[in-house]
């Protein structure tokens with residue numbers, strides 16, 4: 001019995017020591033975690049300052065052909081002829097497709113026969129009228145039959161012309177959308193056609209910049225599809241009315257070389273005024289949300305969020321019109337890791353020039 005009591009005491013002691021060891025270990029892990037949580041976030045910053053900026057405005061644009069048309073039949077019927085050399089240039093007036101017009105041709109032939117009969121009757125009645133063989137009313141009826149039949153023939157011929165779909169201008173024909181034998185209506189798309197040259201750029205401009213651009217002005221056009229090649233375009237027209245939904249003005253410019261892929265997305269840049277002094281920060285320093293933009297400022301060793309208003313945008317930088325003052329410390333790297341009121345540690349104070357050079 002004494003031996004068993006000693007073994008029980010020994011086992012109980014071991015269990016207590018084990019529990020104490022685990023508790024100490026967990027406490028150490030908790031302290032380490034707290035210590036790590038209090039570690040400051042490492043960030044790079046710039047000191048906000050004014051610099052000379054050119055008021056270059058950036059807008060989104062789309063390349064559009066000088067001429068574009070969707071080819072639809074003007075009347076309903078079965079397609080009996082197709083001539084669509086996809087992707088090739090067709091001359092103006094080329095017959096693209098024809099709708100079955102057999103009934104119209106028959107109606108036209110019938111009208112021709114009637115016209116011949118009515119013309120002979122009119123000629124005979126005119127001679128009789130000269131001899132007082134008939135009265136004026138009888139002759140007028142014969143003459144009216146001639147004119148009425150001629151009008152019927154003109155109408156039928158117009159319908160026959162509508163059965164033929166022709167190229168409205170010289171251009172590149174698109175992909176064929178129908179087959180011979182298909183029933184087509186005025187809503188049926190046969191193909192598209194667009195001019196191969198004189199490509200234009202349509203872009204939307206905020207209304208507050210509308211007065212800065214005039215007909216004959218020059219803008220720069222950059223397309224990612226052409227490896228960022230910069231082209232020039234001349235403004236040829238702009239909408240006189242501001243859109244009530246977007247508050248933008250639509251502007252149209254003609255590309256200098258007249259070349260481009262219709263529908264391609266491009267960036268349009270133009271100078272909206274003389275150089276001015278402004279506070280600029282890197283675009284990656286902004287934290288966008290649904291309503292506004294924010295930046296992270298370092299004050300007294302802690303991170304603080306500041307709501308800002310933006311202005312002119314450059315390739316890598318953006319103007320801050322409010323929310324930052326000259327001399328403020330703005331976080332440019334580690335932005336997403338810096339929590340409000342959390343400690344931060346500045347690793348390096350950078351300049352805009354060095355940041356731009358590093359991104360190129």
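Placement of Cβ uses the backbone N, Cα and C atoms for every residue, glycine included.
Please treat TrEMBL annotations as automatic predictions, because they have not gone through curation.
Per TrEMBL, these features apply:
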DOMAIN    69-187  domain 'Multidrug resistance protein MdtA-like barrel-sandwich hybrid'
DOMAIN    102-165  domain 'Multidrug resistance protein MdtA-like alpha-helical hairpin'
DOMAIN    204-272  domain 'CusB-like beta-barrel'
DOMAIN    279-334  domain 'YknX-like C-terminal permuted SH3-like'
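Secondary structure counts, DSSP: the domain 'Multidrug resistance protein MdtA-like alpha-helical hairpin' (102-165) has 56 helix, 2 strand, 6 coil.
Averaged over the domain 'Multidrug resistance protein MdtA-like barrel-sandwich hybrid' (69-187), the predicted model reaches a pLDDT of 95.
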